[in-house]
Amino acid sequence: MDVKEYDYIVIGGGSGGIASANRAAMHGAKVLLFEGKEVGGTCVNLGCVPKKVMWYGAQVAETLANYAAEYGFHLEQKSFDFKTLKNNREAYIDRIHASYERGFDSNGVERVYEYARFVDAHTIEAAGKYYTAPHILVATGGHALYPDIPGAQFGMVSDDFFALDELPKRTAVVGAGYIAVELASVLHALGSDTQLFVRENRPLRKFDKEIVETLVDVMAASGPTLHTYAIPKEVIKNDDDSLTLVLKNGENYTVDVVIWAIGRRANISGFGLEKTGVELDDKGFIRTDEFENTSVKGIYALGDVNGKLELTPVAVKAGRQLSERLFNHKPNAKMDYKDVATVIFSHPAIGSIGYSEEKAIEEFGADKVKVYRSNFTPMYTALGNHRQPSKMKLVTLGEKEKIIGLHGIGYGVDEMIQGFSVAIKMGATKEDFDNTVAIHPTGAEEFVTMR
């Protein structure tokens with residue numbers, strides 16, 4: 001059997017795999033990357049990139065509908081062509097694909113665009129050819145789940161949303177996480193009659209309660225319609241191809257599209273992982289230590305497949321750190337999973353870093369935690385009747401008031417949060433924020449002027 005040898009084999013051409021492969025090649029490693037679908041993984045093809053384009057489209061729609069006239073713009077024609085937005089979005093993604101190929105070529109990363117499978121712990125087969133390496137990274141990502149109820153197959157998952165050629169007139173989004181909230185927000189803003197169904201009393205239960213309640217208030221005032229304690233029982237396909245979502249409480253809702261956004265699981269089957277001896281955790285993710293090592297020497301896993309923190313920048317950073325450790329003489333290089341900033345692209349957006357108020361009190365006690373707040377109307381929305389609320393919070397710990405949590409909701413929060421994450425990562429205190437001169441007039445100044 002002819003086996004080609006490499007220093008590093010990467011299975012999965014998503015964000016984490018690409019980042020790790022390129023960084024390893026930059027350090028002189030002979031690298032081979034396998035990808036059975038389109039390069040870029042979920043983020044580029046079916047996740048954060050197309051989602052953000054749709055979010056921008058929804059933002060334009062809201063501007064035209066709610067704010068253009070307030071700024072003196074009177075537009076006679078108010079039409080929207082969903083297909084144009086989709087085509088331009090896909091053309092943008094094609095350009096990203098091309099940029100990845102240029103990066104691979106520049107760094108010397110070899111690619112095989114076939115599905116790979118393990119023959120044993122250090123041998124890979126693809127399209128009848130065999131490959132080996134002392135270091136193999138599994139970066140196969142995850143997939144969306146369907147509920148185990150009758151008629152679930154009539155619904156679609158988030159991946160399918162991006163294949164739609166037309167905007168549904170009526171949409172039911174089922175789920176309480178960020179994917180559900182983002183899709184519901186986009187669909188509503190673009191003009192679909194959208195309803196969001198969550199199992200508990202609010203969506204985004206892992207995020208700061210006060211911030212999420214502000215979003216819930218916005219939904220109550222302007223949509224999408226939120227249904228709480230709503231547990232699906234079945235989906236019925238009607239003669240006119242519409243769908244009826246039946247809840248366990250007996251309520252039913254007829255829509256054109258049902259989107260399941262109830263969670264994701266690791267892609268661990270279909271590529272021979274069971275032949276390696278790699279251990280899984282109780283949720284089916286690949287078990288890894290702090291250095292992304294699996295239970296088998298020389299096999300690593302990162303990104304959505306290990307379930308630590310399912311965010312694209314986390315996979316990218318973890319992938320690069322792994323290659324620094326393996327190929328650049330940095331034995332202690334590893335991903336720091338603490339204080340990772342994240343944004344929910346809802347309408348308005350939510351930004352979050354570190355501890356929520358609830359988690360901080362639970363872990364450290366109410367007597368050691370102090371919270372600062374600011375409520376205001378963003379200037380952009382303040383001229384007319386469509387005023388949008390904004391709320392900022394700082395969660396501090398101890399006498400020195402170290403900032404352990406920073407949260408916000410409102411216009412522009414998505415672009416504010418990155419810089420503050422650097423400060424929190426460096427251990428900033430409330431006094432450090434107080435000593436910072438604000439930029440006026442901005443929404444971001446609220447974070448450094450709270451009292």
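Using the three backbone atoms N, Cα and C, a Cβ is placed for every residue, glycine included.
As annotated by TrEMBL, active site, proton acceptor applies to His440. Around His440 (active site, proton acceptor), taking its Cβ as the centre, 8 other Cβ atoms fall within 10 Å, counting all chains.
Per TrEMBL, FAD binding site is recorded for Lys52, Asp304. Taken residue by residue with DSSP, Lys52 (FAD binding site) is part of a helix.
Per TrEMBL, NAD(+) binding site is recorded for Gly175, Ala176, Gly177, Tyr178, Ile179, Ala180, Val181, Glu182, Gly263. Sequence-distant neighbours of Gly263 (NAD(+) binding site) (same chain, 6+ residues apart, CB-CB distance under 8 A): Ala144, Leu145, Gly175, Gly177.
Counting Cβ atoms from all protein chains shown, Cys48 (disulfide bond) has 18 others lying within 10 Å of its own Cβ. Annotated disulfide bond per TrEMBL: Cys43-Cys48, in sequence order.
Feature annotation from TrEMBL assigns domain 'FAD/NAD(P)-binding' to 6-319. Per-residue confidence over the domain 'FAD/NAD(P)-binding' (6-319) averages 98 (mean pLDDT, predicted model).
Break the domain 'Pyridine nucleotide-disulphide oxidoreductase dimerisation' (340-450) down by DSSP state and the numbers are 37 helix, 33 strand, 41 coil. Annotation comment: TrEMBL describes 340-450 as domain 'Pyridine nucleotide-disulphide oxidoreductase dimerisation'.
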Which of the three DSSP states, helix, strand or coil, fits Ile179 (NAD(+) binding site)?
helix
Of the recorded positions listed here (Ile179, Val181, Asp304, His440), which is spatially closest to Cys48 (disulfide bond) when Cα positions are compared?
Ile179
Sort out the sequence-distant neighbours of Lys52 (FAD binding site) for me: same chain, 6+ apart, CB within less than 8 Å of its CB, listed by position.
Phe345
Using C-alpha positions only, work out which of the recorded positions Cys43, Asp304, His440 is nearest to Val181 (NAD(+) binding site).
Cys43
Of the recorded positions listed here (Cys43, Ile179, His440), which is spatially closest to Asp304 (FAD binding site) when Cα positions are compared?
Cys43
Expressed to the nearest Å, what is the distance separating Cys43 (disulfide bond) and Ile179 (NAD(+) binding site) at their Cα atoms?
12
